[in-house]
Every structure is written in C-alpha cells, then in structure tokens.
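Some notes on the structure that comes next.
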Amino acid sequence: MAIISSRPSGAEGEPAKSRTAPAEPAQRSRTAVQSERAHEDQHEESLRPKNLVDYAGQKDLKAVLGIAVAAAKSRGESLDHLLFYGPPGLGKTSISLILAREMNVQIHLTTAPALERPRDIAGLLVKLRRGDILFIDEIHRLPRLTEEILYPAMEDYRLDITIGKGQNARITSVPLPRFTLIGATTRVGALSSPLRDRFGLIQRLRFYDVEELAGIIVRNAALLNISIDEPGAAEIARRARGTPRIANRLLKRVRDYAQVEGDGRITEPVACAALELFEVDPRGLDWTDRRLLATLIEHYNGGPVGVESLAAATGEDTQTIEEVYEPYLMQIGYLLRTARGRMASPAAYRHLGYAPPQRFEQVSLLDSIDSAHGRN
C-alpha cells in the first residue's frame with residue numbers, strides 16, 4: 001500500500017498537539033529532547049494498527065467493514081464510498097489506512113480546506129487508478145463547486161470539465177477508474193444531502209471505554225519501549241476522554257514525568273501524579289473544560305445559555321466548543337443541550353465543588369412541555 005498525502009501541515013487527520021501542554025521539564029537537556037522526539041517520530045506511524053484484527057475497539061464498525069472488504073474482494077471490485085463521522089481523534093484516518101492495506105490499493109490523503117478550487121479536486125481525481133482510495137478529511141468544509149464536481153465522479157465515475165465561458169462554454173466528460181471516496185467529518189449534519197446520499201456506507205465512530213483504551217496504551221507503550229503496568233495504563237485510560245489520540249498524548253507526557261521524577265516505570269501513583277501536574281483531572285477534564293463549565297455556572301447561573309454567548313465569555317469560538325469540548329462533556333453527563341441552550345448538569349456542579357441548585361426538575365419539565373408542543 002502506498003500513501004500519497006496532499007495535507008497541509010497540521011491537518012486535523014494528524015495527531016493533535018495540545019495547545020495547553022506544559023513545557024518540557026527543565027532538567028532535560030534540549031539535545032535529549034530533540035533526540036527523543038526524532039526517535040518518537042520514527043515510531044509514530046508504527047503506532048497505527050496495520051489491519052482490522054489489530055484495530056482496538058469499534059467492534060460493530062469492524063464487523064461491518066470486514067464484511068464490506070471481504071465482499072468487495074470476492075467480486076474483484078473496489079469498496080463502495082464510505083463516510084466516517086464522530087468526534088476528533090477516534091481513528092477515522094487510521095481505519096481508512098487499514099482499509100487501503102486490506103484492499104492492497106493506494107490511498108490519497110487530503111483535507112477539504114486544501115481543495116479550494118475545482119482544479120484541486122480534478123487534479124486528484126485524474127491521478128487515481130482502479131481501486132484507489134481518496135480520503136478527504138473535514139469533508140463538510142468542501143466548497144460548493146468542488147462538491148459538485150464529486151457528484152458525477154462518485155456516481156458515474158466521470159469528471160465533467162467545463163471548457164470556455166458564457167455562451168461558448170461546453171462540458172467535456174473524462175472517464176475515471178472505479179475508486180473509493182472516504183470522507184471523514186466531525187459534523188455529519190453539515191454535509192449537504194446530495195453529497196451525503198452518495199455514500200454507500202455511513203458509519204459513526206464512538207468513544208472508547210476504559211478497557212479498550214488501556215489495551216491501546218499497553219500496546220503503544222511496548223512499541224515506544226515504555227515500561228508500564230496495567231494499573232498505570234488504566235489510570236491514563238480513565239483520563240483520556242474516550243479518545244485514542246489523547247491517550248497516546250498522555251502516555252508520552254506521563255513517560256516524561258516517570259523518567260524525570262521516577263525510575264522510568266509508569267505505575268498508577270506515577271500516572272496520577274503526572275496527570276495532576278498537567279491539570280488533567282480523574283474524569284479527563286483539563287483546564288479549558290473546567291473553565292467552560294465554571295463560566296456556565298458562575299456567569300450564567302448554570303444556564304441555559306446560547307453557545308455564542310458561552311463562546312464570547314470564554315474566548316473560544318463556537319466551532320471549537322461544539323466539536324472539541326461539548327461531545328465529551330455531554331458523553332459524561334456534565335453538559336446538557338436543551339431547547340433553551342446549554343446547561344451545566346448537577347454532576348458538573350458537584351465535580352467543580354458547587355452545590356447544585358434546586359431548579360433542574362422545573363427546567364426539565366418546561367423543556368418537556370416545549371418539546372411536546374414542537375417548540376425549539
């Protein structure tokens with residue numbers, strides 16, 4: 001399998017770097033840090049599972065994709081077009097790379113922001129060979145003209161090119177080989193219906209449970225030559241927000257702490273101490289998560305409040321709140337999205353050390369009445 005990437009640097013499909021990650025410990029020399037990071041980069045690709053068997057978690061998704069791969073191989077055809085959606089960091093890119101290996105085809109990686117002009121997507125399409133996979137991350141951000149070029153490409157395997165302008169314009173069709181388009185998005189509802197309906201298989205990636213993440217951490221620790229015991233892996237997993245990408249990032253930061261403050265081995269006490277230092281609490285909330293909830297409670301009496309007001313008060317943009325912070329806070333029951341706006345749940349109050357107000361039953365009743373009468 002060959003991987004052909006046209007991603008801009010820092011694209012979402014790449015492992016995310018924490019904007020609030022603490023600086024490297026002062027005791028470690030710059031040379032040591034640079035050497036370690038170079039070694040780490042060599043292992044980055046090796047952390048990705050190579051096939052569906054090695055891919056941890058997402059049991060239902062693996063079963064569906066396993067059938068799709070086996071059926072396509074038996075018929076000698078390419079995979080149908082696929083759309084993966086879910087919060088960032090759950091493995092949408094990794095599973096696409098695995099599908100390319102399973103089908104023994106090339107995969108071309110790009111992101112929607114890199115396809116600003118119609119000729120950008122046209123240039124990728126004409127390079128495809130039979131069976132190739134074209135992976136577009138953040139596909140909900142495709143420009144309208146670019147999206148319209150994909151319609152005949154996905155449905156009829158042809159590229160329609162407009163030659164000339166005005167009354168002299170004419171359309172020339174270029175045949176394309178049968179290929180597979182894989183789209184990845186954190187906002188499936190933002191896709192237009194014509195584009196979404198052209199995907200033959202639409203699958204949601206869910207958050208991972210602690211056991212699944214602990215298994216990923218143990219596996220990746222072995223690949224990175226990190227000594228870790230099961231309680232240590234479980235502690236990191238509990239604070240990883242159900243996300244493998246975050247689990248891998250925390251593993252490396254705890255590794256740093258263990259090397260500087262301990263004997264290099266990650267145990268449960270070492271993991272707890274390290275993650276407290278990095279301000280990741282036992283539920284996986286970092287400083288920004290807690291600030292978001294605290295702002296909701298202190299400035300807006302727990303809500304309900306619109307996301308625009310919450311964004312203005314915290315200095316975050318609405319898209320970041322909706323795509324990065326809200327999914328996990330809602331998953332663990334700390335944030336409620338009602339017809340009236342965002343609300344902090346009683347569990348969020350207790351987690352931050354506040355006494356929950358006595359109004360939740362009344363608000364819940366009002367929302368139920370609104371819902372019954374079709375009000376938004």
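Glycine is treated like the rest: Cβ placed from N, Cα and C.
Site annotation (Swiss-Prot): ATP is bound by LEU47, ARG48, GLY89, LYS92, THR93, SER94, GLU155, ASP156, TYR157, ARG198, TYR208, and the candidate from ARG238, ARG239, ARG241, ARG245 recorded at this site is ARG245. Under DSSP, residues within the region 'Head domain (RuvB-H)' (282-376) fall into helix, strand and coil as 55 helix, 9 strand, 31 coil. Under DSSP, the residues of the region 'Small ATPAse domain (RuvB-S)' (209-279) split into helix, strand and coil as follows: 51 helix, 4 strand, 16 coil. A gap of 22 Å separates the Cα atoms of ARG337 (DNA binding site) and TYR208 (ATP binding site). One residue stands out among the binding-site residues GLY89, GLU155, TYR157 for having the most other Cβ atoms within 10 Å of its Cβ: GLY89. Under the DSSP three-state reduction, GLU155 (ATP binding site) is assigned to helix.
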